[in-house]
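Chemist: Taken from Swiss-Prot, the feature N-acetylalanine covers 2, and the record attributes it to a large-scale study or a structure entry. The annotation phosphoserine is assigned in Swiss-Prot to 36, 43, 154, 156, 203, 206. What Swiss-Prot lists as domain 'BRCT' is 78-101. Per Swiss-Prot, compositional bias 'Low complexity' is recorded for 112-125. The domain 'Myb-like' annotation in Swiss-Prot covers 128-188. Per Swiss-Prot, compositional bias 'Acidic residues' is recorded for 280-304. The motif 'Nuclear localization signal' feature in Swiss-Prot is assigned to 383-399.
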């Protein structure tokens, strides 16, 4: 997996298909993720794959929880979060039932050697669980890496004890703080890319914290920041600070998100386009009218640059959506790209996983088809998205 990432452009970003969690009928799979350190990252992977994330449990949604959560396993209604990681790693949609959490799964595993002894088989697994150290699962590893990324204030934090004691108190895993520290230092440090997690100091705010730690190690290594943060709200405030402090970094991430969405196998792919948020007040020209556009007009439109007030307004809207849905910048910009920069459609998509008009979201393959000079392909797109949405997509791509 690491070798495949070396061939890509960004090992820290999602690389799986944008339709991984889209059903054959074009509808998006809906997921509910229980609060955990990995929730934000899982949400990013799900949304990048075309799925949707519910803020509360909804009918028809796939309920996700980390293995070892007593309430989730007792109900039998939850699917392991490992399902998302495995789907992303293999880049294919796997069978849900194979990842269902429940007391029966542990009992079946422990009683395979003695299928006939019900009374003895039911009693034996419990002593075996506590006879030695509890094995680390992939979900545990993700929780550790995510917790370090979101709570470590300096490189020296991971070698101290305060960080790990705080993680043990949070009850995110069943392991002691000594085991958590040992697991990270000996097996996980530097392996973030294998779990599709970036290194901690990747954002401007993280860089600022790192510089502050070098200037004042004692203040950076204090336990106070850990006490002020909660696992249910990972880095929300830090994302806001990052955008406010460095708008250039935001613009760069917008371009990166665009490139990620627009990347195709052919060499004739068009130049990167910026996100233009529109309220859809005016109806765009139809595909037929658009085809009559003069070349000179197209060149003039391409040469137009976005003004600073427009950039500021776009950043403000994106920040509001990030705060409203508790998502990262890349996920929100991807949603805008998939909805042709339409604010209303993007908001509806982030809230419910569907556009308000009932049409599907745009994928990279749809954009490739849109570039083809083929009447049948264009008619198929009009049938799929509606003539007005196709016209809006054409206008959006020009910008």
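Glycine is treated like the rest: Cβ placed from N, Cα and C.
How buried are these features, and what lies next to them?
Modeler: Residue 36 (phosphoserine) falls within neither a helix nor a strand when secondary structure is assigned with DSSP, and so counts as coil.
According to DSSP, residue 43 (phosphoserine) is assigned to a helical segment. Of all Cβ atoms in the shown protein chains, 22 besides its own fall within 10 Å of the Cβ of residue 43 (phosphoserine).
DSSP labels the residues of the domain 'BRCT' (78-101) in these numbers: 13 helix, 4 strand, 7 coil.
In the domain 'Myb-like' (128-188), the DSSP tally of helix, strand and coil residues is 43 helix, 0 strand, 18 coil.
All protein chains considered, the CB of residue 154 (phosphoserine) has 21 other CB atoms within 10 Å.
Residue 156 (phosphoserine) is surrounded by 14 other CB atoms, counting those within 10 A of its CB over all protein chains shown.
The motif 'Nuclear localization signal' (383-399): residue composition by secondary structure is 15 helix, 0 strand, 2 coil, according to DSSP.
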Chemist: Among all protein chains shown, how many Cβ atoms are found within 10 Å of the Cβ of residue 36 (phosphoserine), not counting that one?
Modeler: 25
